[in-house]
Every structure is written in structure tokens, then in C-alpha cells.
Amino acid sequence: MSVFVYPGSFDPVTNGHMDIIQRAAKLCDKLVVAVLVNSSKNPVFTLEERVDLLKCAVKGIDNVEIESFSGLLIDFMRKKNSKVIIKGLRAVSDFEYELQMALLNKNLDSDIETLFMMTNINYSFLSSSSVRELARHNGNIDGLVPDCIKDKIMDKFRR
């Protein structure tokens, strides 16, 4: 069984992430979307909220599972018996950072492969931080995030 892992903060999940999830899910038997507990980041949405938002967003994609993890991605990959990391790229600037991470992971485990997927051009401008900024100022996030989570995101910033 082929198991791919798509790691990220997903703070919150966007339609750019969903584009990668939907396309990557077609390439493997199981896609694990791994929500990172990152001590160097200060997420707006709690870990539980990010997992819940993703679970709502991936309903109907049968071979996708949502899990959280902390620590090294390589250790999580071993637990999942996975050899493939999925990374979405919007621009060359994403590639520079992700290439460094891919080389580091390859150095830690030579069997690990990183599969880079270009985001659909319609989402090349989109980031979780831009969604948060729009929501923070009561801007329109229609079409930027899955419909099933739009109100939850806006509610987070109305508090």
C-alpha cells in the first residue's frame, strides 16, 4: 500500500492546500495530511481546530486521513510506513526553502522522496496568512477556503 504524507501547519487550510490534497490523493492508496505542532510558530487556530477544519474540508475524499504530529517528520513517516513527502509549491521562493528541507530529510533517511507539486495557478497567490489577514479585517474569503469552514474561520476573528 502506498502511503504519502502531506505535512503542514494548515493555519487554516486553504483552497490551495485542497488543490494539492485532491491531486496527491489520486497518486497513492492513502494520503495522510499531517498537521504539525510547531513550537517555532504561534498558530492562530489551535491544533484541534486545524484538525477539525481539515476533517470537514476533506469529507468525501475516501483515502485521506488527518493526523497531528510533533517532532521530526522523518519519525512520523516511519510510524506511517511512508516513503513519500508531498510539498505544494506556489513560487520559486517556496522551492528554495522546501528543497533545503527535502535534502535534509533525504540525508536523515535515504529512502525518503519528496514530491513537489505546483499549486494550480488560480491559487498561486494564496496563503494561510493572507486568509487570516482578510478574516481579521472582515474581508471576503469566498473561494479562498472550502465553503464548509468559511464561517468557522470568520467566527474565530469576530471574538
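Positions of Cβ are set from backbone N, Cα and C atoms, glycine also.
Listed in Swiss-Prot for this protein:
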BINDING   SER9, LYS41, LEU73, LYS87  substrate binding site
BINDING   SER9, PHE10, HIS17, GLY88, LEU89, ARG90, GLU98, TYR123, SER124, PHE125, LEU126, SER127, SER128, SER129  ATP binding site
SITE      HIS17  site 'Transition state stabilizer'
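Shown on the structure are the features that Swiss-Prot records.
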residue: SER9; record: substrate binding site; CB count, 10 Å: 16
residue: HIS17; record: ATP binding site; CB count, 10 Å: 25
residue: LYS41; record: substrate binding site; CB count, 10 Å: 10
residue: LEU73; record: substrate binding site; CB count, 10 Å: 19
residue: LYS87; record: substrate binding site; CB count, 10 Å: 20
residue: LEU89; record: ATP binding site; CB count, 10 Å: 17
residue: GLU98; record: ATP binding site; CB count, 10 Å: 16
residue: SER124; record: ATP binding site; CB count, 10 Å: 13
residue: LEU126; record: ATP binding site; CB count, 10 Å: 20
residue: SER128; record: ATP binding site; CB count, 10 Å: 22
Problem set entry | Euclidean distance between Cα atoms of LEU89 (ATP binding site) and LYS41 (substrate binding site), Å | 20
For this session: Express the distance between the Cα positions of GLU98 (ATP binding site) and LYS87 (substrate binding site) as a whole number of Å.
Result: 8
Problem set entry | By Cα-Cα distance, the member of binding-site residues HIS17, SER124, LEU126 nearest SER9 (substrate binding site) | HIS17
Exercise. LYS87 (substrate binding site): which of the binding-site residues HIS17, SER124, LEU126, SER128 is the nearest Cα neighbour?
Worked result: HIS17
For this session: Please find which two of SER9, LYS41, LEU73, LYS87 have the most distant C-alpha atoms, given that the record lists them as binding substrate, and give only that distance in angstrom, rounded to a whole number.
Result: 19
For this session: Using C-alpha atoms only, work out the spacing between SER124 (ATP binding site) and LEU73 (substrate binding site) and round it to an integer in Å.
Result: 25
Exercise. How many Å separate the Cα atoms of LEU126 (ATP binding site) and LEU73 (substrate binding site)?
Worked result: 24
Problem set entry | For LEU126 (ATP binding site): DSSP state (helix, strand, coil) | coil
